[in-house]
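Pulled from TrEMBL, these are the features on record:
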| type | residues | note |
| --- | --- | --- |
| BINDING | T1, T18 | Mg(2+) binding site |
| BINDING | G40, N96, K97, Q98, D99 | GTP binding site |
Amino acid sequence: TTILYKLKLGEIVTTIPTIGFNVETVEYKNISFTVWDVGGQDKIRPLWRHYYQNTQGVIFVVDSNDRDRVGEARDELHRMLNEDELREAMLLVFANKQDLPNAMNAAEITDKLGLHSLRQRNWYIQSTCATTGDGLYEGLDWLSNSLAKAK
């Protein structure tokens, strides 16, 4: 949610855990992204699949500082990517909270999420910090360039 509104408004907004979803249009490099920000709490994850139709790209945000739950993040990511509607979707992983001293780096997150096993999918991982905006536009550059090539 912090990332969505940093991209949309260019500023940090105070957020609370997302119950349900936020939807916004973010314009970047002549591409209009309709961004569905869905809550990550386990009780609402079964609702995610209602947003998959016509999805061209998934931005999966990982708390790089949360070593206890990175395995859970991996399981949810792979479960989601196995859905038929996301067969063609590109995957951008934001390894977020890189400003924290014990954050796992992008290589470690790649390993822990099992990204190298995604041989049939176009994917990219970007180190980010939502509160400063670091890495967000680099990730969107990859996604927008990849979507443009796929047309």
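Backbone N, Cα and C atoms are what each Cβ position is placed from, and that goes for glycine too.
Note that the structure is a prediction, hence the values are computed from the model and not measured.
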Neighbour-count leader, CB within 10 A, binding-site residues: N96, Q98: N96
Least Cβ-crowded entry, counting other Cβ within 10 Å, from the binding-site residues listed as K97, D99: D99
